[in-house]
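Report on one structure; see the data block that follows.
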Amino acid sequence: MADTNASDAPSTNSHDLQALAQRPDGTFPSTSDLPTTLPSLNYTVRTRPRLWWMAIFWTVTLIDSCILPITLYFTLHNLTSLSPNTVFSIVTGAIGGLSIVEYAIRSWRLWKPHSTCRPLGDPSRWAFDFFHWIYSFAWLICMVELIVGSVPDEPYMRLLALVPATFLYVFGIQFLLFDFMARFGIRSPVAISSQPRGEVPRNAVFTLVEDVVAVDGAAGTEYRERLAARYKASETFRAMMQTMTMFWGWGALGTAVLTTVLAFALENKEVAYTQGWSVPFVWAMLWAAISWRYVERMLRVEREVWRGSKDVPV
């Protein structure tokens, strides 16, 4: 979650940030208890190096996880005499190379001694954040699908088409489950990143943003603290994240169901395979573009609301 006015906002006192970040979830400060400035995230993607890095990363990801599985299959199938089993053994081996490298880097950043990006309140080297665990779970399911689908002499193309949808099922269900737990005050039996076990989960977008920016975005543990302080100080910020949770949760689940139905309903299994590896990425790009515009607008609204409710600089 980028703070578009990070460079303009005075820094909130670190004591205020810690006090806000450590408040029990479900309890929010009254107006008189709010810090004198809107807590800054002190992070923005609107720098040339970060924008270039994002463009390169997502371009390579699109090639590696969408274009490659489709083009490599049709190239090997139509231009070689390799058996279907061999073709899909090669395709399966080539899928997700970038994701594996990024996963290894992420694991090291969290596990290494004196890590500066671990969740708040747990110094253990094995204190991987919640995104890491849920991402690992999704990859485990996908590996089973890839192995089961590619081993037979005639690979199960319709099953192999479901790999991207599996990620959408896992994250979509998680998003909606967190929302359900938050609405009904159900406490989590496990720690959720910086939230200790036994607290009602914050919305899932909060956890995703906290983990991805702190670790993959190299913003560190300080960002986790700043994000928690901003979340607890600003009702508009909480509402924005709640909207994004529902938007992405229902969108992911709906797209996963659509992809699954098409994978088994389409008569041509090659068409079914192609849509399975393309539709989720088209959806993700559309949702990301809409989210970018919405978040920018809501951050402006947040500043206006803050100015109207407190006669303090922002």
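Cβ atoms here come from the backbone N, Cα and C positions, even for glycine.
These figures come from a predicted structure and were not determined experimentally.
If you check TrEMBL, you get these features:
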{"type": "TRANSMEM", "residues": "51-74", "note": "transmembrane segment"}
{"type": "TRANSMEM", "residues": "86-105", "note": "transmembrane segment"}
{"type": "TRANSMEM", "residues": "126-147", "note": "transmembrane segment"}
{"type": "TRANSMEM", "residues": "159-178", "note": "transmembrane segment"}
{"type": "TRANSMEM", "residues": "247-265", "note": "transmembrane segment"}
{"type": "TRANSMEM", "residues": "277-295", "note": "transmembrane segment"}
Non-local residues, at least 6 beyond the ends, that sit with Cβ under 8 Å of the transmembrane segment (159-178): 65-66, 88, 92, 95, 134, 137-138, 141-142, 145-146, 148-150, 201-205, 207, 245-246, 248-256, 259-260, 263, 272-277, 280-281
Residue numbers, six or more beyond the limits of the transmembrane segment (86-105), whose CB comes under 8 Å of its CB atoms: 60-61, 64-65, 68-69, 72-73, 76-77, 80, 135-136, 139, 146-147, 149-150, 155, 160, 163, 216
